[in-house]
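What TrEMBL records for A:26-65 is domain 'Phosphoribosylformylglycinamidine synthase linker'. Among the features that TrEMBL reports, active site is placed at A:His61. Taken from TrEMBL, the feature domain 'PurM-like N-terminal' covers A:89-204, A:459-577. The annotation Mg(2+) 1 binding site is assigned in TrEMBL to A:Glu108, A:Asn554. Summarising the annotation, TrEMBL assigns substrate binding site to A:Ser109, A:His110, A:Asn111, A:His112, A:Arg131, A:Gln256, A:Glu328, A:Ser329, A:Gln330, A:Ser556. Residues or ranges marked as active site, proton acceptor in TrEMBL: A:His110. If you look up TrEMBL, you'll see A:Asp132, A:Asp284 marked as Mg(2+) 2 binding site. The feature domain 'PurM-like C-terminal' is assigned by TrEMBL to A:217-372, A:591-727.
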Amino acid sequence: MSTSPTRHLDTVKHAAGSPDAAQPWAELGLKREEYDRIREVLGRRPTGAELAMYSVMWSEHCSYKSSKVHLRQFGDKAPHSDALLVGIGEQAGVVDVGQGYAVTFKIESHNHPSYVEPYQGAATGVGGIVRDIIAMGARPIAVLDPLRFGAADHPDTRRVLPGVVAGIGGYGNCLGLPTIGGEVVFDPCYQGNPLVNALCVGVMRHEDIHLAKASGVGNKVILYGARTGGDGIGGASILASETFDAAKPSKRPAVQVGDPFQEKLLIECTLEVFAEGLVVGIQDLGAAGLSCATSELASAGSGGMRVDLDRVPLRDPSLSPEEILMSESQERMCAVVEPGKVERFLEICAKWDVIATVIGEVTDGERLEIFWHGEQIVDVPPRTVAHDGPVYERPFARPGWQDELQADDPARLARPSGGAELRAQVLRLAGSPNQAAKSWITDQYDRYVLGNTVLAQPEDGAVLRIDEETGLGIALATDGNGRYAKLDPYAGAQLALVEAYRNVAATGARPLAVTDCLNFGSPEDPAVMWQFAEATRGLADACRVLGTPVTGGNVSLYNQTGEAAIHPTPVVGVLGVLDDVARRTPMAFREEGLLLYLLGETRAEFGGSAWADVVHGHLGGLPPRVDLERERLLAEILVAASRDGMIDAAHDLSDGGLVQAVAESCVRGGRGARLVPPDGLDPFTFLFSESTARAVVAVPRSEELRFTDMCAARNQPAARIGVVDGDALELQGHFTIPLAELRETHERTLPALFG
Amino acid sequence: MTTRVGVVTFPGSLDDRDAQRAVKLAGAEPVALWHGDKDLRQVDAVILPGGFSYGDYLRAGAIARFSPVMETIIEQARSGLPVLGICNGFQVLCESHLLPGALTRNDHLHFVCRDQRLRVENAATAWTSAYAAGQEITIPLKNGEGGYVADARTLDELEAEGRVVFRYLEVNPNGSRRDIAGVTNAAGNVVGLMPHPEHAVEELTGPSTDGLGFFTSVLKKLVS
């Protein structure tokens with residue numbers, strides 16, 4: 001794309017003298033009224049460089065202009081939490097996990113680039129979220145990747161999925177970060193709009209938290225990392241803020257290209273300058289590149305900022321100032337450094353072979369001023385670029401089809417009759433792409449590097465040790481269910497939260513805080529906007545009840561091709577803490593004779609279920625009922641049982657229901673199980689219901705009394721449903737599936753599709 | 001006096017801290033060595049850790065071979081300094097001609113991370129004396145370019161001289177010739193392998209503690 005090649009430089013002076021010059025605001029993605037507003041703010045027409053900055057910073061991706069009014073609830077309704085050290089609004093939230101440690105974590109999307117160019121799109125998605133974490137002063141310690149693709153057997157999925165997986169692996173493995181969790185979901189609604197979300201978590205000491213700001217007149221602004229090239233120009237404004245249209249030209253050049261080796265050096269170099277106390281503030285260059293970094297740093301600080309743009313090291317010397325401001329070249333950071341510390345800062349960069357250049361300084365004015373070979377091309381109040389963008393109250397309306405969808409009750413679907421049919425359906429589910437083993441994908445990720453991975457996928461939650469002496473650790477899980485959210489976006493967002501919350505608790509960790517990635521269609525569609533409003537309201541309400549504040553996250557809109565929007569897909573990441581990771585609870589049934597207990601209440605709830613999808617291709621009715629108090633109680637039980645050594649394994653119950661969970665724990669541990677439905681529950685509902693606030697746990701006989709006493713005392717429903725035994729999964733009196741057959745069915749699906 | 005085991009950090013080394021942890025758990029003192037420094041700081045043995053030194057630009061291990069620290073390591077390895085190359089370190093040792101052969105892209109073209117079963121074929125090297133010949137161990141493997149290749153004559157020689165130190169069992173994860181996972185030089189002081197013993201030193205974080213023997217082996221050799 002072009003930013004109107006200017007033959008002579010469009011300086012501030014020139015702009016003031018040529019108010020009527022035509023400008024490509026529409027091509028840059030701005031609306032007429034937005035362009036008018038820029039003219040009003042500046043009291044003149046913007047220069048080409050200013051127009052470039054405003055266009056990227058006021059894009060949906062950077063400004064959250066459609067979502068802002070709804071996102072405010074995460075702050076307004078936030079529960080009080082002593083653990084929150086840095087809340088929503090910074091590059092990433094920071095949570096106190098005890099013993100002087102702070103953890104920062106955030107999830108982001110790289111959906112659109114990953115469809116256009118799967119490998120680089122996914123790779124740079126990892127790179128971007130990792131830099132957010134480094135910029136807070138933390139050492140990144142792991143990555144999780146929730147992924148959603150179109151139908152597993154669609155030819156284009158064969159193009160997108162292997163590229164995305166190789167990109168995540170190629171970047172994360174080379175960066176030395178373990179990739180230890182996430183999800184892989186297939187649904188035709190994501191065919192033209194795959195969702196590639198990435199969560200990064202980092203750890204630091206409390207005293208090392210750094211916030212991005214440019215203060216102190218005379219302090220130097222240093223750009224360090226990769227040279228700036230022509231890649232990713234307009235990535236935020238053009239790619240991430242519009243729907244795809246088959247008739248338009250390729251958007252491939254708007255995708256950035258990543259170099260994980262450069263990023264690895266950037267991590268080590270940044271941590272070293274932080275450790276020596278050399279920086280006032282640091283910001284990463286992600287979406288909107290230098291436009292974002294300079295305007296955000298300047299508006300967060302106390303003074304103004306002057307930048308000499310011609311000092312920026314370039315990969316392509318022909319780039320115009322507009323292109324340099326808009327470039328999203330990867331692996332770059334911007335630091336504010338006191339003059340006396342610049343020399344040492346540059347020395348450390350040189351040690352790591354990282355290019356570093358002083359490009360400007362903090363001034364005593366209130367303006368962000370940018371020069372090109374001595375001539376002024378930008379003169380703006382930085383807040384107007386970074387924070388005071390347009391805010392839209394988009395119209396929203398419950399879509400007409402919602403009632404009909406909810407009325408289409410799965411109770412009408414034919415249920416299996418008899419053992420043989422139950423058995424067949426158990427195997428169909430276990431081998432369906434969404435329920436099948438994902439090791440073909442996750443084995444392409446390094447889960448061992450850094451040596452602190454205690455649990456990794458396919459476990460419910462990932463568990464990391466953060467202190468080798470004390471055993472202090474954290475757990476993380478990400479979840480989302482677009483099918484539930486389509487049926488009821490308010491409940492759907494809550495179901496995403498409670499599943500991640502439950503997954504964290506299943507490992508024995510106490511859930512503390514939330515990050516979210518809200519993936520939706522076009523905000524210009526009132527039906528989509530209604531889904532968004534409902535989902536944010538649902539999530540904020542549930543976070544308040546569970547006491548887990550949203551610390552940050554990301555909104556991805558325009559996940560839509562033509563008229564067809566994706567299912568509303570809020571993906572929620574939950575962070576928890578374990579005082580001693582040696583106490584963690586794995587999912588595998590590892591010992592014969594363990595007693596299996598089903599915790600929670602099971603109802604006939606099949607709306608949006610995996611069973612309805614796999615067996616009947618059905619989506620309708622209402623999703624399972626949310627009960628936040630029950631979720632909280634279940635989490636407390638799981639955490640206490642882990643801490644006191646009462647359980648040997650735990651697995652959360654979600655899509656696919658009890659039988660899917662038990663099958664996974666059997667396969668993982670290499671042990672069979674014999675199940676008996678509790679009184680009053682028919683075998684079908686027992687096996688496949690997706691009622692929430694449930695888990696299955698394996699209890700050693702010696703602990704049974706203590707465990708059941710605890711459940712009874714706390715009013716936690718707990719029913720003994722079987723025993724770990726033999727080498728088959730058996731529903732007594734109905735069917736038996738040899739473990740080998742179960743494993744084979746569960747594990748062959750993905751290799752057959754993609755291997 | 002504690003035994004000092006150096007762990008080299010190249011730009012792009014990733015498992016250097018893990019190798020240091022393993023050395024410490026085995027009872028020796030880990031010493032960080034920097035790629036740009038010829039001085040080995042009087043260490044008694046050296047580990048070249050896993051990772052992507054110099055971004056694997058050109059070819060895995062190809063640039064690291066020419067780094068200042070490797071000059072000294074190559075010289076001292078020829079006079080008996082115990083050197084262990086893990087994954088990328090193995091690639092560096094092959095590029096440096098301290099070990100024969102080369103590592104190529106996995107035959108299935110994917111990066112692979114798995115718990116790998118191995119057989120210890122030679123328990124007489126500086127890094128394997130804690131094992132018994134024929135012992136089977138499980139340690140993580142994670143690489144994209146782990147296919148061990150050499151010409152038939154070299155392979156025959158390696159087999160005849162007992163210089164195949166580890167062989168893949170059950171699954172050959174990368175297309176290595178004759179299932180070779182690791183080899184040694186003729187003197188037995190330089191060993192390279194693709195799997196990662198440093199990731200199997202604690203019950204909590206590894207599939208086993210089978211990797212600890214690498215580090216106790218070298219310690220035993222140096223003390224005796």
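Each residue, glycine too, has its Cβ placed from N, Cα and C.
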Out of the binding-site residues A:Arg131, A:Glu328, A:Asn554, ones whose Cβ falls under 8 Å of a chain B Cβ are none
Of A:His61, A:Ser109, A:Glu328, A:Gln330, the recorded positions lying within 10 angstroms (C-alpha) of A:Asn554 (Mg(2+) 1 binding site) are A:His61, A:Ser109
Longest inter-residue Cα distance for the substrate binders A:Ser109, A:His110, A:Asn111, A:His112, A:Arg131, A:Gln256, A:Glu328, A:Ser329, A:Gln330, A:Ser556, rounded to the nearest angstrom, is 20
Reading the DSSP string in three states, the entry for A:Glu328 (substrate binding site) is coil
DSSP output for A:His110 (active site, proton acceptor) maps to coil
Between the C-alpha atoms of A:Glu108 (Mg(2+) 1 binding site) and A:Arg131 (substrate binding site), the distance in angstrom, to the nearest integer, is 12
CA pair A:Asp284 (Mg(2+) 2 binding site) / the residue listed as 'active site, proton acceptor', Å rounded to integer, equals 16
Quick tally over A:26-65, A:89-204, A:591-727 of CB pairs under 8 Å to the domain 'PurM-like C-terminal' (A:217-372) gives the top stretch as A:89-204
According to DSSP, A:Asp132 (Mg(2+) 2 binding site) sits in helix
Before we move on, state whether the domain 'PurM-like N-terminal' (A:89-204) and the domain 'PurM-like N-terminal' (A:459-577) share at least 3 Cβ pairs under 8 Å, counting only pairs 6 or more apart in sequence. yes
Quick note, A:His110 (active site, proton acceptor): same-chain residues at least 6 apart with CB under 8 Å of its CB -> A:Gly121, A:Ala122, A:Thr124, A:Gly125, A:Gly128, A:Val196, A:Asn197, A:Ala198
Mean per-residue pLDDT in the domain 'PurM-like C-terminal' (A:217-372) works out to 87
Cα of the residue listed as 'active site' to Cα of A:Ser109 (substrate binding site), in Å and rounded, measures 10
Cα of A:Asp132 (Mg(2+) 2 binding site) to Cα of A:Asn111 (substrate binding site), in Å and rounded, measures 18
One finds that other Cβ atoms within 10 Å of the Cβ of A:Gln330 (substrate binding site) number exactly 29
Same-chain residues at least 6 apart in sequence with Cβ under 8 Å of the Cβ of A:Arg131 (substrate binding site), in sequence order, are A:Glu263, A:Leu266, A:Asp284, A:Leu285, A:Gly286, A:Glu331, A:Met333
Around the Cβ of A:Glu108 (Mg(2+) 1 binding site), other Cβ atoms within 10 Å, all chains included, total 25
